[in-house]
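Straight from TrEMBL, the features:
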type: TRANSMEM; residues: 20-43; note: transmembrane segment
type: TRANSMEM; residues: 157-175; note: transmembrane segment
type: TRANSMEM; residues: 181-201; note: transmembrane segment
type: DOMAIN; residues: 243-354; note: domain 'Phospholipid/glycerol acyltransferase'
Amino acid sequence: MDLFFNPFDNLLCVLLGISFTVWFTLLLVFIIVPAIFGVSFGIRRLYMKTLLKIFEWATLRIERGAKEKNHPLYKPYSNAIIAKEPTSLEEEIKEIRRSGSNKDLGSTPEFEMSDIFYFARRGVESIMDDEVTKRFSAEELESWNLLTRSNNNFQYISLRLTVLWGLGVLIRYGFLLPLRVTLAFTGVGLLVFLTSVVGLLPNGRMKSLLSEKVHLMCYRICVRALTAIITYHDSENKPKNGGICVANHTSPIDVVILASDGCYAMVGQIHGGLMGVIQRSMVKACPHVWFERSEVKDRHLVAKRLSDHVEDKSKLPILIFPEGTCINNTSVMMFKKGSFEIGATVYPVAIKYDPRFGDAFWNSSKFGMVNYLLRMMSSWAIVCSVWYLPPMSREEGEDAVQFANRVKAAIARQGGLVDLLWDGGLKRAKVKDTFKEEQQKLYSKMLVGTQEDRSRS
């Protein structure tokens with residue numbers, strides 16, 4: 001019996017050996033070596049153009065099938081549900097009073113029952129068209145990208161479309177996912193090993209140069225693990241040593257996207273597990289700013305550590321995401337003022353993902369990190385544009401909040417994102433009482449005037 005199976009076993013071993021040899025040769029030649037030298041064969045961009053043509057055909061086929069069967073098609077709202085005019089509280093209440101009574105705010109100011117309608121209407125509008133909560137859910141698509149999770153019209157339309165979808169599942173989970181997992185482990189493994197080796201060298205120019213090459217190579221391998229197709233604009237504005245790079249935040253991979261085009265000093269809390277191993281190896285090769293859990297809430301300590309880092313012009317620029325949480329690629333929310341109090345030159349960066357190929361947004365309240373990475377690696381690709389904006393400095397008489405808002409507005413304008421004043425912390429926290437009190441103060445001021453007005457009268 002053993003003699004009968006031996007030739008089969010030998011043949012199987014030979015075939016497996018050849019398969020692994022071919023697999024790793026392809027990885028080495030087409031992915032790892034180009035990542036080392038920062039070159040591309042254009043395969044990913046050709047892949048992206050092919051996908052676009054397939055998506056267009058699939059969407060047209062769905063629309064035609066729905067028209068033949070008289071099925072309504074779901075279309076996401078590209079803008080707000082309710083059209084709103086940018087008017088003040090006083091102007092709107094004046095309009096309500098004119099339509100309901102003869103009294104106006106020009107006469108003796110006093111409370112009117114009709115004023116309630118303004119607050120009631122604003123409350124209903126906020127419930128119907130909540131501009132904050134919808135920033136924490138996945139961006140809706142105009143067309144189908146052959147991912148079941150991104151289609152509200154998914155149903156049987158035709159045999160060809162169903163076969164195409166099934167083929168897409170096989171390609172994504174049978175070929176792309178194993179390839180990407182292999183590349184991810186390769187990139188992270190090389191990052192840990194090589195930064196640990198570079199960390200053994202004495203501090204100096206050679207160590208800095210090797211550290212930069214190692215980081216760029218490993219991050220570029222990780223970019224290829226996501227089949228990321230990135231277009232960088234205005235590279236002459238790339239962050240320089242002694243500065244702070246601030247960017248809008250959609251996903252944890254924002255770090256990889258930016259670090260594959262330049263080296264940065266990372267800022268964050270010290271973790272355990274695999275993340276802790278990566279952090280400890282990275283800090284051996286170049287100075288990053290890691291904080292203990294007990295230090296994170298000490299604003300003065302954090303500010304001092306950041307200030308000491310940017311004062312040393314030989315150190316890499318700091319990379320910070322001032323929103324403090326991930327937003328769904330449609331808007332930019334309030335920037336925390338901490339990084340704008342230091343007084344260093346700020347280099348704004350706008351990141352905008354193309355959701356047609358895969359949703360980069362991490363909804364951390366719904367998906368864990370492993371689940372999120374699995375969804376990312378089983379998507380078609382990650383396509384994004386990065387804009388390096390001109391450096392900005394704090395102007396005379398400008399406080400940290402005003403400076404942060406000016407930088408945020410520039411990022412939103414360049415990336416085609418909605419500029420919101422709301423705090424991203426509302427993802428998990430309730431609205432602060434100060435927001436409600438602000439509306440109450442505005443209404444009170446409208447009725448009784450300021451202290452200065454009352455003293456004049």
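Every residue gets a Cβ built from N, Cα and C, even glycine.
Just so you know, TrEMBL annotations never went through curation; they're auto-generated.
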Under 8 Å between C-beta atoms and at least six residues away from its ends: which parts of the chain pack against the transmembrane segment (181-201)?
27, 31-32, 207, 210-211, 214-215, 217-219, 221-222, 224-225, 277-278, 281-282, 284-285, 373, 377
Averaged over the domain 'Phospholipid/glycerol acyltransferase' (243-354), what pLDDT does the prediction give?
85
I'd like the per-state residue tally for the domain 'Phospholipid/glycerol acyltransferase' (243-354) from DSSP, helix first, then strand, then coil.
35 helix, 26 strand, 51 coil
